[in-house]
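Peer 1: Here it is, the structure in full.
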């Protein structure tokens, strides 16, 4: 709860900082400082709850504070901090309203905290809206670029439509159970498991599927991720998506977990489709940015396993996956922002010109592909282990492994371009030693998640 | 059949008929006018459910403010019936099938719903008054109420960021 209040207040401070300061560098510094404060508040929140303690309910059971949720908040704030340190300069380059962009990022974090602690469908709804509306703005922030405006409009229209579907699902669930409160919704009685509540659950699956870009609700993703300014794509594809997933798993594991036989089949078809479409389409992309958009769809397919498997390993898996995927993707996008040309050819010969940049890119890509010793491997290991423990998803696990093999192709294409092809890649500016340090740190984090994933689950 | 049921059926018929009118009328202006009628019929339903305040707000906000905005936009865009894009029949068929399936699902959901509530809220008369609404809003639902301010604040920032004229581009370096 402290974090929710802190994020809002710090967001407002961030917003007003543009009145006092015109210098963009100062604004970036303030944003990083405020994020450090927010991270501190999050750590304080985690410390204040004892390990293995019970849930705390606040505000008429609107909010359920659990240690796991607070831990997730802390990790996501940490990722945001890393993201601002890595690409703060690129955020400032997007447009003139730098302070406002950072303020919106703080408000998105408020949404993230709400989504990790909601116990009421109304809070879920508001949380998802707080998560989405700043994103529409960030997607359209590069006003001189027509593609950015197109992305914002497309995202807004599709998002508004999905909000309607989400609201419809909430209404149907309210109609059949008579409450918005998740801990009071029991599906043990046959009377509340009827067509109405099941239709509501399907509507919620569709709405969440849109937010996490699961096929066939993924159609907005490539255009929006491609059109939006690259720094904001990095944020949308990582922290926001992870938060949506965390909200997804909390609802479906805790509340609808008891009647999983009713929705597992729908979700497993969605998972298979997401893996298939994401991976196969990524193969044919020519632009690395667009490839990363499709890869984020493919990674969402793996994260859906955690929701499908519906057990304790799954909830650990989603946290590890969220962190491993976020850190690697943030790093990958940070590299992409340094380059002028986003196509595969733009990476040709990068290893000769910037060996450090090429090396860290390789580590990030290996992690995304799920090669052992990187975070991506451990993440995939956790979610697939959870799926096997569930018992009935063996066919889907094998399918996922096949798709992971396909994904290696398009990730390795970048590595091949960097190391084995000749070319002269152009950078926006030469790498500073600060950039190098931050990229190396991200790289170390990726490897650390791969070697010692328990560190990132230690406190749950 | 008592008077409330008759009222309910009449209002529902108006609401559904006008909603169909919104979809089927070729002229956008007619669509908007039908939409206003739909909102009025729904406000009637609110009154039947003893939610007087909601009914009034519905008329003021939806039938009043939002509809005027709608009309303005349509007139500014100068839409006519002949500028409407023609969809090919395959898309129309796909839309009809998927929409029909959704309709069936919702229909079966409604049929299988076990609770049947009366069409009119009897009970106390002051249930839907602003006093009770305010009490509930500030006691039970205070958190969603307050937290939605963050939502509005970010929407306002959006209006400024997107709407403001971009001045000279200064570089970070």
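In case you wondered, yes, glycine gets a Cβ from its N, Cα and C as well.
A quick note: this is a predicted structure, and the numbers were derived from the prediction, not measured.
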Peer 1: Could you tell me which of the ranges A:338-355, A:356-373 is annotated in TrEMBL as transmembrane segment?
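Peer 2: Feature transmembrane segment in TrEMBL: residues A:356-373.
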Peer 1: Please figure out which one of A:151-175, A:318-336, A:393-412 racks up the most CB pairs under 8 Å against the transmembrane segment (A:231-251).
Peer 2: A:318-336
Peer 1: Any residues 6+ beyond the ends of the transmembrane segment (A:291-312) with a Cβ under 8 Å from its own?
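Peer 2: Hits for the transmembrane segment (A:291-312): 212-215, 218, 221-222, 225-226, 233, 237, 241, 245, 248-249, 252-253, 257, 260, 264, 267-268, 270-272, 274-275, 277-279, 281-282, 285, 318, 321-322, 325, 329, 332-333, 336, 368, 379-380, 383-384, 386-387, 389-390, 393, 396-397, 400, 403-404, 407, 410-411.
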Peer 1: Residues sitting near the transmembrane segment (A:437-457): Cβ under 8 Å, six or more positions beyond its termini, same chain?
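Peer 2: Counting only partners 6 or more residues beyond its ends, the transmembrane segment (A:437-457) has Cβ contacts under 8 Å with 75, 82, 85-86, 316, 319-320, 323-324, 327-328, 330-331, 334-335, 356-357, 359-360, 363-364, 367, 372-379, 382.
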